[in-house]
Amino acid sequence: MGQKRVVVGVAGGIAAYKACTVVRQLAEAGHSVRVVPTESALRFVGAATFEALSGQPVHTGVFEDVPGVPHVALGQQADLVVVAPATADLLARAVSGRADDLLTATLLTARCPVLFAPAMHTEMWQHPATVANVAMLRQRGAVVLEPASGRLTGADTGAGRLPEAEEINTFAALLLERADALPHDLAGQKVLVTAGGTREPIDPVRFIGNRSSGKQGYAVARVAAQRGAEVTLIAAHTAGLIDPAGVHVVNVSSAQQLHDAVVKHAPEAHVLVMAAAVADFRPVRVAQAKIKKNPGDEQAPTIDLVRNEDVLAGAVRARTDGQLPNMRAIVGFAAETGDENGDVLFHARAKLRRKGCDLLVVNAVGDGRAFEVDHNDGWLLAADGTESALESGSKTLMASRIVDAIAAFLDGARG
Ligand SMILES: Cc1cc2nc3c(=O)[nH]c(=O)nc-3n(C[C@H](O)[C@H](O)[C@H](O)COP(=O)(O)O)c2cc1C
């Protein structure tokens, strides 16, 4: 992605310090960043910090740098405006079209995607005024992120924390890649996502694992939640990923635990996305003590394996048997390589037929592709025979395309 012009608005919340990381990461990504704090924001973080991090002058009012007319120019020229943190007050001013400082004036002149990352106490976030303001901004096409839950300013906890800078910038990058990636179109949908790689214990210290980083599944959970879905993420082992904001995370380790968690949560879900890399086999016996390498013992131990239950096929079967009356879309993932019998798509089509899911996301693996990396490509196969290519892009972009397909599938099923 080439250099883009990004305006970072900072409103006066306690989380204003996190905007420094947002700015730093955007600048490090090669973008031209202009920081526009409100007067209140400057009581939390000084202009010098933002000027140093962005390498650009920082103004707050419309009467600064008048010859450059920044109150019009900044918004007109921006490729993206990110407001982080967005206070309750800033959201209200944005809704009512105020232009009483440089940030609100910029929001009125911007025609690019606008991303608000709200942060406030739970009471402020849940107040009908804020709820209505958020709905109005979304209706007008802005992206308003769900805040994270956790520790707030004081000793209290709840929904209202600013998502981590990495998470905000993930969405910033997504909107720069694809402006229409985050419609708020999944409200009312309960989405169950599995992600990461399972570990099958051999003894107290060893396990059979796999190379799944969890990034693709986390990205699907993150995008679905920000598109309005109520998301539960069953997370096996990942590359130390941060929990997506607004998502209920259930941690598991082995294939059996993942299976049990899916069985527990699937009856409520409307959509199941099986992105986890679930081990096909597990050791028949788990040694209670560490298996020792005894001196002089040349014979290596043999580990007998037994098949794990196929979670995806089990979910499809349960739906067919009428045990999942709410379930409207089941999405499988296939990491495939070609062989002498056929190419990746040949094997993927066979898998789609075998598993009986509604959509199958197919990644070609091997040669450093798909696993542990940030970029991905592949195909999306539907049970009705439709096939589309998922062009190469970030895993978040890929997730937005997968969620598009799910939304379209739900629409089709409804209509
Ligand atoms: C210590 C402190 C922390 C605050 N944190 C928040 C916050 O996290 N979210 C919020 O909406 N308002 C917060 N406020 C209130 C805002 O600062 C206040 O509404 C201000 O008018 C916001 O102005 P602005 O939206 O123009 O930046 C806080 C105030 C103080 C004194």
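Even glycines carry a Cβ here, placed using N, Cα and C.
Remember, TrEMBL labels are computer predictions, not curated facts.
Features reported for this protein in TrEMBL:
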- 1-190: region 'Phosphopantothenoylcysteine decarboxylase' (REGION)
- 4-166: domain 'Flavoprotein' (DOMAIN)
- 186-408: domain 'DNA/pantothenate metabolism flavoprotein C-terminal' (DOMAIN)
- 191-415: region 'Phosphopantothenate--cysteine ligase' (REGION)
- D280, K290, F333, K351, K355: CTP binding site (BINDING)
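What TrEMBL annotates, mapped onto the structure for a quick look.
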residue	record	DSSP (3 states)
D280	CTP binding site	coil
K290	CTP binding site	coil
F333	CTP binding site	strand
K351	CTP binding site	helix
Nonlocal neighbours by CB distance (under 8 Å) for K290 (CTP binding site), same chain, sequence gap 6 or more:
D203, P204, V205, R206
Between all pairs in D280, K290, F333, K351, K355 (listed as CTP binders), what's the biggest Cα distance, rounded to the nearest Å?
38
Surrounding CB atoms that lie within 10 Å of the CB of D280 (CTP binding site), all protein chains:
15
Using all protein chains in view, find how many other C-beta atoms are within 10 Å of the C-beta of K355 (CTP binding site).
19
Same chain, 6+ residues apart, C-beta under 8 Å of the C-beta of F333 (CTP binding site), given in sequence order:
Q216, V273, M274, A275, L360, V361, V362, N363
Sorted by position, what residues of the same chain at least six away from K351 (CTP binding site) have a C-beta under 8 A from it?
G332, A334, E336, L360
